[in-house]
Amino acid sequence: MPNASSWSASSPLLLLWEDSSGTRIFLSLLYAVLAISGTLSNVMVIYLVFSFKKLQTTSNAFIVNGCAADLSVCALWMPQEAVLGLLPPNSSSLRSAEYRLLRGGLLGLGLTVSLASHLLVAFNRYVLITKLPSVYQALYQRRHTGCMIGLSWALALLPVPLLPGLWTLGSAQSDGSSRYTALLLALAVLGQTALLLHCYLGIVRRVRGSAKRVSVLNFHLLHQLPFPAAPPPPRRAQRRLSSVSVLLLCCVFLLGTQPLVWVSLLGFFLRPAPPALQAASWLLLCSLSALNPLLYTWRSEEFRRAARSVLPRGEGPAAAPRTVAAA
């Protein structure tokens, strides 16, 4: 049986030194694939938004903020995990408290801002669909949007020093502070998930109940929703496809976040979960950093046109329209 205290004291966050070398190599390759794919997809979304003015909307500003945070995980943290999985367990660099703090800080900063960006995107779309256009325009002025993005980073810097305590998550010998840190993490993610689901389910109710209201809103931002762009299908089919798209986004988000929440709560109130289960729950959460760009752009015709225009054999005429979009 792997010893939980030795796992937390001498290993990377998501790797078990007691596992076979084949398992560690497999996990290292998995981290490498996620790092490469996540870095490329996040950089691509950021590049497209900054290059095409039609994509420079308020919703996409929050998406870019999330992509920048995800790069902290995909481009800076995951490659280190991939390399550390191939090093011998007695490597001196693995036992360095400063190095562990750096890695924990990168992971904590990236995941916190990324989760906050999920919520900002959901709330932005909720206000757009369910409130009057004047309310949306007043709330999402350029200055207010910048303050929201800055606040997400400022709040993310507060819990960074606490993250190394999560390395002892679930250890029978861990101190009370790490257990309470894990509890705070679980409660924070639960609260954020509840707000996000409230926003998206509110959108689904409004779209299903009043498709006409959505169709008459003259906002380019509607193209950034996970709804079909053009040509629109029949109204009933459109409402059904819209609901499925939103629910699919919510399901992927829940799959990535909830295992860690319940593993943390289990370790606090009952008994520590097996180290392998803890590692798997962290891996699911971190994999969201590679999937987020696809979650928010796969249904957008504007993003697809922009991507085709910059990729090989792209459609050149798609790059021509560069009119400024509303909000």
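In case you wondered, yes, glycine gets a Cβ from its N, Cα and C as well.
No curator has checked TrEMBL annotations; they are predicted automatically.
These come from TrEMBL:
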DOMAIN    41-296  domain 'G-protein coupled receptors family 1 profile'
TRANSMEM  25-50  transmembrane segment
TRANSMEM  62-80  transmembrane segment
TRANSMEM  100-123  transmembrane segment
TRANSMEM  144-162  transmembrane segment
TRANSMEM  182-203  transmembrane segment
TRANSMEM  244-270  transmembrane segment
TRANSMEM  276-298  transmembrane segment
Query = Which of 62-80, 100-123, 182-203 shares the most C-beta pairs under 8 angstroms with the transmembrane segment (244-270)?
reply = 182-203
Integer mean pLDDT for the domain 'G-protein coupled receptors family 1 profile' (41-296) = 78
